[in-house]
Amino acid sequence: MSPQTETKASVGFKAGVKDYKLTYYTPDYETKDTDILAAFRVTPQPGVPPEEAGAAVAAESSTGTWTTVWTDGLTSLDRYKGRCYRIERVIGEKDQYIAYVAYPLDLFEEGSVTNLFTSIVGNVFGFKALRALRLEDLRIPPAYTKTFQGPPHGIQVERDKLNKYGRPLLGCTIKPKLGLSAKNYGRAVYECLRGGLDFTKDDENVNSQPFMRWRDRFLFCAEAIYKSQAETGEIKGHYLNATAGTCEEMLKRAFFARELGVPIIMHDYLTGGFTANTSLAHYCRENGLLLHIHRAMHAVIDRQKNHGIHFRVLAKALRLSGGDHIHSGTVVGKLEGEREITLGFVDLLRDDFVEQDRSRGIYFTQDWVSLPGVMPVASGGIHVWHMPALTEIFGDDSVLQFGGGTLGHPWGNAPGAVANRVALEACVQARNEGRDLAQEGNDIIRQAGKWSPELAAACEVWKEIRFDFKPVDTLDPNDKKQRDNEDTLADKFFGDKG
């Protein structure tokens, strides 16, 4: 390097390493309506001050790096840098803090969840100065939301397509999830739909394996759909899983489903990836297909309380990327999910405007500016005794999906579907009559079983089945509501089934 070049490069530049907090911790910053806001749960390494840890997150997820670089002088850092603008201690946890970071909108490509996540949950999660890091929530501003198509159709359009109103929809995942031939698989689909279900579903790991290639499955399932529709007079569907090893193959399967005239297909959005999911959502809107989303792999990312990404963030990302249904946990079944936390992200999926509510884990007010809503799917270890609780918790705009709770009926698949449909209709009627499902749920199911032998048999089989494990991911003590009665809703439902 010549002396002249060295002198010019050194003007206004001091090489070396300086604390992140000198540039990226700005407690006086007033957030803008166009900022993307993030709440991170930060656990610093011993000796690292919380302000430095929060600033490091802001820096490493936006414009910063580990040392000063002279090219900083070629742009406006004040315009593009992320800012840690508030830090609060987590009560009841040692050395754990919530760091709030604001990102300028220009840091992100329009309509790309992939780019959004690459920055905000990228390399910063491996930063050595942090023992653990978790993204608890995001505020997506209207200016950015408007760059996304979102769900292909949304809740109201789905109801209109299916001509089903005033109750939750009923589904069933076909079991065993792997190993059936296409013809036997289609037979199970037909029996469940004929028995009264609205949907059946491919399991998430059913793609195109040697025992059942995708094209054969699609054909036999389409036959089952049309036969059950003709016999019941109701519109039926099966979630045909279009997830594949390449986007081209995925879209080929979606095209074949459209040619068969089926109403809905399916995608595993986390294992398949956000780019593939957004592409499929666009195809579904253009071609009149509903899109069911499975969240396989989510617990790897969201289950641990101190590291990863909370599912409420993954739910928001899905609403941006596109999907008409997404699995959301059950509260009362076999899968992880605390009631208040689950209800929080269910509202974020369905509602147009959701206020900040820390008692449900919602850190920011979210305005979706009329982006279509997503139907939550309750699935995993549920059966007829859960029906009152599920109806109460999830309301009408939901899908209640019973796999083993349908196919495990002692009399077969169709009677299992009948039992679930009768239980649902009884709960909806009781609710509409003003009865308290929380207090009278078990009695409602018992009374309905007197005139439905299928339901009575199901009640007998599953009367002792419960999944009583405390959830791993819970609200922080300072975020919990003070309740007069600490009994959970599930406890009320499981009092006496005699």
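Don't overthink the numbers, they just go from 1 along the chain as shown.
Cβ atoms here come from the backbone N, Cα and C positions, even for glycine.
The shown structure was predicted, so the numbers you read here are calculated from the model rather than taken from an experiment.
Taken verbatim from Swiss-Prot:
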- Pro3: N-acetylproline (MOD_RES)
- Lys14: N6,N6,N6-trimethyllysine (MOD_RES)
- Asn123, Thr173, Lys177, Arg295, His327, Ser379: substrate binding site (BINDING)
- Lys175: active site, proton acceptor (ACT_SITE)
- Lys201: N6-carboxylysine (MOD_RES)
- Lys201, Asp203, Glu204: Mg(2+) binding site (BINDING)
- His294: active site, proton acceptor (ACT_SITE)
- 473-498: region 'Disordered' (REGION)
- Item | Three-state secondary structure, which DSSP defines for Asn123 (substrate binding site) | helix
- Cβ within 8 Å of the mean position of the Cβ atoms of Lys201, Asp203, Glu204: remaining residues of the chain near Mg(2+): Thr173, Ile174, Lys177, Asp202, Asn205, Val206, Tyr239, Asn241, Met266, His294
- Message: Is it possible to get the count of other C-beta atoms within 10 angstroms of the C-beta of Asp203 (Mg(2+) binding site)?
- Response: 18
- Query: Helix, strand or coil at His327 (substrate binding site), per DSSP?
  - Reply: strand
- Taking Lys175, His294, Arg295, His327 as the recorded positions to compare, which has the smallest set of other Cβ atoms within 10 Å? Lys175
- Query: If you count Cβ atoms within 10 Å of each one, which of the recorded positions Lys177, Lys201 comes out on top?
  - Reply: Lys201
- Task: Specify the secondary structure state of Asp203 (Mg(2+) binding site) as given by DSSP, simplified to three classes.
- Result: coil
